[in-house]
Amino acid sequence: METKQTKKEAVANLIKRIEHGEVSDEEIRGMMKIQVQKRLKWGYKPTHEQQLAQLVTFAQSLKGMEMAEEVDTLDAELYEIPLPFLHIMCGKTLKFSPGYFKDESTTLDESEVYMMDLYCERAQIKDGQSILDLGCGHGSLTLHVAQKYRGCKVTGITNSVSQKEFIMDQCKKLDLSNVEIILEDVTKFETEITYDRIFAVALIEHMKNYELFLKKVSTWIAQYGLLFVEHHCHKVFAYQYEPLDEDDWYTEYIFPSGTLVMSSSSILLYFQEDVSVVNHWTLSGKHPSLGFKQWLKRLDDNIDEVKEIFESFYGSKEKAMKFITYWRVFCIAHSQMYSTNNGEEWMLSQVLFKKK
């Protein structure tokens, strides 16, 4: 018991040091490399038989869970980040998921547009369709589709009041009359309306039971309609965001709630009770890795302005520094993780479904 307590205390002390900005970027990268190797050692099995059994067991375990856990304090803070901060860290469209980097010279703004164009191409968007964007955030994809396909009616769903207000304000500025934003939790949303195309980008990560989620969404897919899903993944194995061991500072610091899932690239193929896979792609982890690097650079280049924004928003210098450090470590750790083995471990999966 004494050893266990000592390890827990060591992690708690490390997190305090991180929060106080006492751990250098290089130390964070080094610690993340160790964490990544531990996760790979945990995830990879000696035989393919064991590897497949692990994934199938994990997929089956999800089927016994609720669709999603209640949004907790951390998630609420992530949804209600001060908008001026997002304008600094993210690109012009405020896309809060990875962009597509054609090469290292691609700018963050370009990467956001390239990725959303890829979504539209792979989801087979055509003018005149009805589009549903689940968990639309600040409307990057909703507004992109609405501008590019003026004949489309685009509906976005968000559970954030500030996000809805921002999107509707952008619609006025862009003279868009083909956008509707519904303020609702996706897991509680009900409608008899069906849509030609449905997007679920960076949403699956917040779900537990993919079967229940896809069953619900399938009722909103029109005849001959399609559902496009993008999610973060490891190429082979899946896991809950729970501490790997007692030395796991990363999960304790970045995802203390334990409500997220890191799925595998193929896991959604095991959930075809109500939808059928039409196509499936993966994108290298280089894309999110480069995106996190760009976020970090923009944050650091504007650090004084960020301090002012956070002090005003959170009410104290101490809390401002805590959140600045959190976002810096978030970017450093994930840039490191997604770059592992040249982007061939953690990556992005995109799946196109049709209704059964």
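Cβ from N, Cα, C; glycine included.
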Looking at Swiss-Prot, which one out of Gly64, Gly128, Gly135 binds S-adenosyl-L-homocysteine in the same site as Phe96, Ser97, Asn159, Gln163, Asp185, Val186, Val201?
Gly135
Among the binding-site residues listed here, Asp185, Glu205, which has the most company in the form of other Cβ atoms within 10 Å of its Cβ?
Glu205
Length of the line joining the Cα atoms of Phe96 (S-adenosyl-L-homocysteine binding site) and Cys331 (active site), in Å:
12
Starting from Glu205 ((S)-tetrahydropapaverine binding site), work out which of the binding-site residues listed here (Ser97, Gly135, Asp185) have their Cα within 10 Å, and give them in sequence order.
none
What three-state secondary structure does DSSP assign to Asp185 (S-adenosyl-L-homocysteine binding site)?
coil
Nearest of the binding-site residues to Cys331 (active site) by CA-CA distance, picking from Ser97, Gly135, Val186, Val201?
Ser97
